[in-house]
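Chemist: Grabbed the feature section from TrEMBL, which reads as follows:
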ACT_SITE  B:Asp7  active site
ACT_SITE  B:Glu68  active site
ACT_SITE  B:Asp141  active site
BINDING   B:Asp7, B:Asp141  Mg(2+) 1 binding site
BINDING   B:Glu68  Mg(2+) 2 binding site
2 protein chains.
Amino acid sequence: MRVLGVDPGLTRCGVGVVEGVPGAPLTLVHVGVIRTDADLDQAERLLLIEQGLERILEEFSPEAVAVERVFAQHNVSTVIGTAQAAGVAMLCGARRGLPVATHTPSEAKAAITGSGRADKAQVTLMVTRLLRLSAAPKPADAADALALAICHVWRGGAQARLAAARRGTGGRR
Amino acid sequence: MRVLGVDPGLTRCGVGVVEGVPGAPLTLVHVGVIRTDADLDQAERLLLIEQGLERILEEFSPEAVAVERVFAQHNVSTVIGTAQAAGVAMLCGARRGLPVATHTPSEAKAAITGSGRADKAQVTLMVTRLLRLSAAPKPADAADALALAICHVWRGGAQARLAAARRGTGGRR
């Protein structure tokens, strides 16, 4: 199962593609950050994020998209932009008929470190270990996106199957 | 100048297209609401909103998009979805190379009623009057979208020209 994880943000949107199945070693497929200039209009920034995500979806063909869930209680000065970047990622996935899941930061941390309150260094360390990388993934910003993708490989697949069963469709398409 | 006004929301996204220039009578081109079912996944709801907006952009070819600005202080239970619906509207406009502006609810109310604190009935009354309609626009949900479009005709055009001048480009395309 190949999953695109997205750590949404207007200024830096982390993206990580991971391949794996629960209980087997994971593989890093791609890691990066889509950056947009704060001087641009908000609409243009969202467009650049869409274009960046489209390129990744096109090039790496993930089978699912996992986006960090944004809460209204997040940093008030950035929450609207973060929510909109997350929305663009969800939209890009849905447009391709891919299952789109959201996971909270705590769920991602708990999935890969065992603790929902793990700090950034611990998350980066475990991402590096789980993907069997010789050094921490770069850019560092994108470690959270990889953590989300790994979290999804481990728990998202089951959620998607449950949701499909609930819809009685046995799958999205 | 033909403007699409968008009152963003996941459950009900108001859309209104108005044609006019400052100082002359305005014309109603289209009014409607894009509704999405709360039982659907968030990603699918955003996709339905995109598809609804695309149909309107395609059919009515507005020259600008005016979206209600969403604040983090808005209703906490719906702000994330509202911000994402607004983001989709901004994205759809930017993708077509249209100027996209945001106006606050108070700016829209002040533009058409003279008071930023006008209530819904007053806004609807003024929208009805300014568009020379024989009855209040239906669905009522969309009066705010029309108010935004009218606000933009009256003040957005000037803002867009200013922004273009600041960029030194003389226009977006």
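Glycine residues also receive a Cβ, built from the backbone N, Cα and C atoms like all the rest.
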Chemist: Provide the number of Cβ atoms within 10 Å of the Cβ of B:Asp7 (active site), excluding the reference atom itself.
Modeler: 28
Chemist: With an 8 Å cut-off on Cβ-Cβ distance and a minimum sequence separation of at least 6, pull the same-chain contacts of B:Glu68 (active site), or say none.
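Modeler: Looking at Cβ-Cβ distances below 8 Å from B:Glu68 (active site), excluding near sequence neighbours, one finds B:Val6, B:Asp7, B:Pro8, B:Ala86, B:Thr102, B:His103, B:Thr104, B:Pro105, B:Ala108, B:Asp144, B:Leu148.
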Chemist: Please list residues from the chain of B:Asp141 (active site) whose Cβ is under 8 angstroms from its Cβ, counting only those at least six apart in sequence.
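Modeler: Once residues fewer than 6 apart are set aside, B:Asp141 (active site) is near B:Asp7, B:Arg12, B:Gly14, B:Val33.
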Chemist: For B:Asp141 (active site), just give me the three-state DSSP call.
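Modeler: The three-state answer is helix.
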